[in-house]
Ligand code: CMC
């Protein structure tokens, strides 16, 4: 991040002699950023940016997005190269450490993660406290938050080794907790992790195997799962990552911060969209009903949105959606699923939405969640688990962003201000004098 004395934005307050000179900061890529930190002190003026569409809340070296061009880079590496050639654990290492691992580093990282996949037996009891029909995301919020009660030995966030071990624990244990949330909801016994399997294969194993029968993980499906995890691993300062950073800025422990991130991810405008896409496709039911549905979406009073479309940052095709579409076809081929009505419906919807002026003018393209739901459904994963899978993947990004924030000397507690629009100062009125 750099600035030069002449690289400034000057702001003046009309009708007064107050001016402020704001340094213009430059990252390695992306637009310049006006540093408004001294604006209030110099001029007595706050800035207003609900939804933070024009605000950089931090400096980060982890992920770069160019929304106009549809570019996504992790530590400089394009997402399509990572999805094609890397593995989820390698991407997790990259996000955490800044560089791709050497063979020795990769082996050590893999060993570190696989040696933390078990959870404390007592943690099993937490599952029993939930109703059978609890949404697995509700279980995730609770059980992941509960991890902080189990690791008092490593909660000193100022200690580098403690931070590292917590990162390992979170990346390693999330698939176990997620798979158990699923098993609990269908009344099957919990399957313990198998450390001889890859990260994605072990996750599929814990989700699908039962003790009574041998279970072979299909390598094509394991690869598809790994790719889905890579595509969801990090995405800059989205709502859930910003939640993790905001919670972490207070010094809260990493397990509590990730539980906060999971809660934020759950909403249908964010990670809950993959589940919502499937519900939407089921509701449309048939290609013939698409025009009627699109008409409802265009009618603002209906409050219906085309789920899996649009993105705050991308005003172009989400690069992850392209890879997801290809993976979708690979999975359906492998499973011998032909003429899948849901996919036909999705393709038709995509065609209409990408040519209809309403969506074209607003630059609403398919996002990552449009296809991920179809793939996961074909893989036999229940709809209620879609966002859980997203949470498993995003944990790598969340904990990397949390680490970066804690190690940044400029880190301060996150504390936005507001425009107060309530009642002005007034005196308390005793109850017998009201009305
Ligand atoms: N369907 C119909 N209209 C839409 C949609 C949509 N999916 N998304 C945005 N619009 C319209 C919106 O009504 C507005 O129109 P107008 O200018 O006439 O008022 C315009 O496009 C701009 O919308 P916005 O609400 O200002 O956009 P935003 O940046 O605040 O919202 C979004 C981004 C992702 C929340 C939104 O596009 C959306 O709700 N999409 C559907 C949910 C979804 O697929 N979410 C997953 C996002 S990708 C994965 C992730 O990050 O978790």
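Cβ atoms here come from the backbone N, Cα and C positions, even for glycine.
Listed features, source TrEMBL:
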{"type": "ACT_SITE", "residues": "311", "note": "active site"}
{"type": "ACT_SITE", "residues": "369", "note": "active site"}
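Residue 369 (active site) sits 11 Å from residue 311 (active site), taking the CA atoms of both as reference points. Under DSSP, residue 311 (active site) is assigned to coil, being neither helix nor strand in the three-state scheme.
Other C-beta atoms found within 10 angstroms of the C-beta of residue 311 (active site) number 23, with every protein chain shown included. In the three-state DSSP scheme, residue 369 (active site) is classed as helix.
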